[in-house]
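As recorded in Swiss-Prot, the features of this protein are as follows:
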- Gly12, Gly13, Gly14, His15, Ala16, Gly17: FAD binding site (BINDING)
- 272-286: NAD(+) binding site (BINDING)
Amino acid sequence: MNTNRFDVIVIGGGHAGTEAAAAAARLGRSTLLITHNLETIGALSCNPAIGGIGKGHLVREIDALGGVMGRLADASAIHARVLNQRKGPAVRATRIQADRPTYARAARRALDALPGLALLQDAAEELLVADQRCYGVRTESGATLHADAVVVTAGTFLAGQIHIGHVQHSAGRAGDPAADRLSASLRDLGLAVHRLKTGTPPRIDRRTVAVEQLDAQHGDTPRPLFSPFRPPEAPLPEAACLISWTTPETHRIIRDALDHSPMYSGAIQSSGPRYCPSIEDKVVRFADRDHHQVFLEPEGLDATELYPNGVSTGLPFTVQEALIRSMPGLEAARITRPGYAIEYDYLDPRGLTPWLESATIAGLYLAGQINGTTGYEEAAAQGLIAGLNAARVSAGEDPWFPTREEAYIGVLIDDLVTTGVTEPYRMFTSRAEHRLRLRDDNAEDRLTEVGRRLGSVGDDQWTRFARYRDALNAERARLNGTRVHPGRLTASQQARLGGALRRDQTLFDLLRRPELSYDDVRFIGGLEEADLPVRAVQQLEIEARYDGYVERQELENQRHQRYAQVRLPEALDYAAIDGLSTEVRERLTRMRPATVGQAARLPGVTPAAISLLLIHLRRRGWLRTPTGGEDAA
């Protein structure tokens, strides 16, 4: 066996690299994961949390395709909630707080358990390319490693530069060296390299926090899961989050120190994540606000550190101390690790195919923050797709990628490769025009059979899913096949119905009524109880009540396509359009798209924003049913 020859080489052991290596190995390809430190595989470099709105949808889809992130999150969860429970099912999403060391250990165990996957502690320094094909990697130790495909998942390590006030130093993250030579290798290949910025807050010693003065936020019971068909064997105990907030004094401290912030002193010119701004940006952009909520998230069950979510900063250490101590409950808090801003290289994702292979260098795949995204979940989703396709193409098979209609992963990738990024890309449900169909509750229905065909879904997961699917389909058929008739209901059934029944209806039709539960319609129909898990019952209720909304959204999407060629008035005032986000207003005002279709293709302009734009045009009398490319004005 040639120990320097592999089917797939993955560079980087973060969330994208973990998914890429695991996916390639699951498909039976000999795989090598190279990372500068084996002890940091799967590290939660920033916040100790997985999921959230849009992001949780990605994790559910990763799991449905056989990926590992959902399973790792469940195994390390110490706090879990379903967000947006008062809103519609399409925007509900799971978010967990993870025990940081447990998550990393679980990631390492998951990789160690895969036959055909080797790990190497080394630094990849040069991509080997000949005739526009990548055939391997040269490392810091001098090793030359060959492969049919190479997946680069370098995170913030490409020419990474940390800023704390006016102090700067090279690093991929605190305590880890930057990958300067790998970045230079990418530039030497003629790839379009640019810079982005992100940041992290200081960590706080929990023992110096007045816990009794702060409200606690507990998780949901029962604890929600990302991976329902691969549940953890021994769930961890819960740890509550604490809630504090910034004060007018906090904001004064920050405003007085803006000249020392790398984002405001000119030291950093690149764009940061709009939806995860630094505390400096919050104070400047929302000058009318006198406070911002701060969640103090536990780093782990045995950890003494708290992560203050909401105060990412690159201010000097002394300023960080002052602003932390100006918040309730933190008056005596001690910082254990300073926050910092970090700049890093990324590549223009418009140079990629939809299966994340370079359009100019065959066999080279890119995934994660190197493509301009932010967040563990976005990185993991890309890593999964890149790893699957590196494995498939190296085996002579056709590449595969999900479409926008199939998955949030498809929305993510299509946005990246079609419109590119000008700031770190974060997933939101509003980015998906088919979001009513792409729900958290039906990820397996949409993708697990696909994952099985691809070879990514294992036997145990498939068996559990198939059992669930069959039970769900059988009960759906039973509800659709059982009719109730006016005048044939007993008094108790009529009482449960809560009103008159004017015509024959199936039980599934009755389930569309929001006031009736699954148990209600089963009782009304005289059906015996079925052996269904709770989530199957919930899914049936959601399906019944959402069918009409899904159809309506599909009609709306078709309407958007019809109006794509409608021209926009040159003097259109986007600030006057109700409901548009600041990001969308700024982008439309700056870019001045000529048509509705051009507006829809701009980064950050969501399908929901296009609907608001069309409503505005119609109200002003500027919109007519298109028969061609006529002017809206």
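From the backbone N, Cα and C atoms, a Cβ is placed for every residue, glycine too.
On the structure: features taken from Swiss-Prot.
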| residue | record | DSSP (3 states) |
| --- | --- | --- |
| Gly12 | FAD binding site | coil |
| Gly17 | FAD binding site | helix |
| Arg274 | NAD(+) binding site | coil |
| Glu280 | NAD(+) binding site | helix |
| Phe286 | NAD(+) binding site | coil |
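Take the CB of Phe286 (NAD(+) binding site) and look out to 10 A: across all protein chains shown you find 12 other CB atoms. For Val284 (NAD(+) binding site), the same-chain residues lying six or more positions away in sequence with a CB closer than 8 A to its CB are Arg255, Leu258, Tyr264.
Separation of the C-alpha atoms of Gly13 (FAD binding site) and Glu280 (NAD(+) binding site): 31 Å, rounded to the nearest whole number. Of all the binding-site residues listed here (His15, Arg274), the one with the fewest other CB atoms within 10 A of its own CB is Arg274.
In sequence order, Thr198, Ser312, Thr374, Pro424, Arg426 constitute the residues six or more apart from Cys276 (NAD(+) binding site) in its chain with CB-CB distances below 8 Å. The two recorded residues, Phe286 (NAD(+) binding site) and Gly12 (FAD binding site), have Cα atoms 37 Å apart.
Gly17 (FAD binding site) sits 32 Å from Glu280 (NAD(+) binding site), counting Cα to Cα.
Apart from Gly12, Gly13, Gly14, His15, Ala16, Gly17, the FAD site neighbourhood in this chain, defined by C-beta within 8 angstroms of the site C-beta centre, holds Val10, Thr18, Glu19, Ala20, Thr35, Ile41, Gly42, Thr153, Gly155, Gly368, Ala379, Gly383. Each of the binding-site residues Gly12, Gly13, Gly14, Gly17, Gly272 was scored by the number of other CB atoms within 10 A of its CB, and the lowest score belongs to Gly272. Cα separation, His15 (FAD binding site) to Arg274 (NAD(+) binding site), rounded: 22 Å.
Long-range Cβ proximity for Glu280 (NAD(+) binding site), meaning a same-chain Cβ under 8 A and a gap of 6 or more residues, is found for Ile254, Leu258, Ser261, Met263, Tyr264, Thr313, Gly314, Leu315. Note: the CA-CA distance between Gly14 (FAD binding site) and Lys282 (NAD(+) binding site) rounds to 28 Å. Cβ crowding, taken as the number of other Cβ atoms within 10 Å, peaks at Ala16 among the binding-site residues Ala16, Lys282.
Arg274 (NAD(+) binding site) sits 22 Å from Ala16 (FAD binding site), counting Cα to Cα. In this view, Ser278 (NAD(+) binding site) is surrounded by 27 other Cβ atoms within 10 Å of its Cβ, with every protein chain counted.
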